[in-house]
Structure formats: C-alpha cells, structure tokens
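Working notes for the structure below.
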Amino acid sequence: MKKALLALIFGSVLVLAACGSGGEKTTDETTDDNVANNQGATDNTGNNNGGTAGDTTNNNNDTTTDTETADEGAVAHGEQVVQKACISCHGANLEGMGNFPALNNVGSRLSQEEILNVINNGKGGMPGGIVKGEDADAAAAYLATLK
C-alpha cells in the first residue's frame, strides 16, 4: 500500500513538473528573439512604402498590408511559443494527452480573447501564467487560427 501511494505521489510530481517547464525565457533568449524579430525592421523615417521623407500621399493599401503582416508575424511567433510551452502537456500535434484537452481545433470552440483568458488565468488542471505578455498574446492569436 505504501509503495503504491509513493509511486502515485512521485508520478504526480513528474507530470506537474513537466507541464510547468519551458514557459519562461532567460535574458539571453529574449535578446536573441528580439534581434531575430527586428532583422527586417524599417528605419524611423516613415518610409515604409519606398517614398521620400517629404512624401505626404495617403496610401491606404499600406495600412492593410502592415496589419496583415503584423498579424501573420504574431501568428508565426505564437506557433513558436506553443511549440515550446504547450506540447509537453497537450501533445506534439496538440491532439491532447490524458487529461489535457486537444488544442488542434481550439479556435473553433473559443475566441482569441477566451483563449488568452485561459492562458493568463488557467482553467481546470492548467495553471495560469505559464506564458505571459506578448508571448501569451501571440500564442492566443495562433491557437485562434486552429479550427
């Protein structure tokens, strides 16, 4: 009886430790990510469209393109965050494992805001705050695309 109880406690500790790991970055990793994300950045002259510094023409297409690019960037970053922080509990293909639900179609069940709420505050057996800040926003954006 004591061996079974000890094995159960030990197994529980292992599962909880595995699900809580990988969510935080060191300063070096954050710096590397920031450098990688800014490689294609434009200068601060306001010339995103190749115009001159004095160019005051209104280019409506730039706003849509910039927004779409930002959304695509957030989704791509979110996919990386999910691969680092979520697959240990939810499975390599996000198909779910044991008591951890599948996330491979979570966008069909929850909105991006609802997903972000679960990431920040937790739900069921998932603790909140495993991923924080911009990483949480990006992960929610990516997961919302999975339908």
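Just so it is clear, glycine is given a Cβ too, placed from its N, Cα and C backbone atoms.
Feature annotations, courtesy of TrEMBL:
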type: BINDING; residues: C86, C89, H90, M126; note: heme c binding site
type: COMPBIAS; residues: 36-47; note: compositional bias 'Low complexity'
type: COMPBIAS; residues: 54-67; note: compositional bias 'Low complexity'
type: DOMAIN; residues: 73-147; note: domain 'Cytochrome c'
type: REGION; residues: 22-76; note: region 'Disordered'
type: SIGNAL; residues: 1-17; note: signal peptide
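Mapped onto three states, the DSSP output places M126 (heme c binding site) in strand.
Each residue in the domain 'Cytochrome c' (73-147) has a pLDDT score, and their mean in this model is 92.
Across the residues annotated as binding heme c (C86, C89, H90, M126), the widest Cα-Cα separation comes to 11 Å. Under DSSP, residues within the domain 'Cytochrome c' (73-147) fall into helix, strand and coil as 43 helix, 6 strand, 26 coil.
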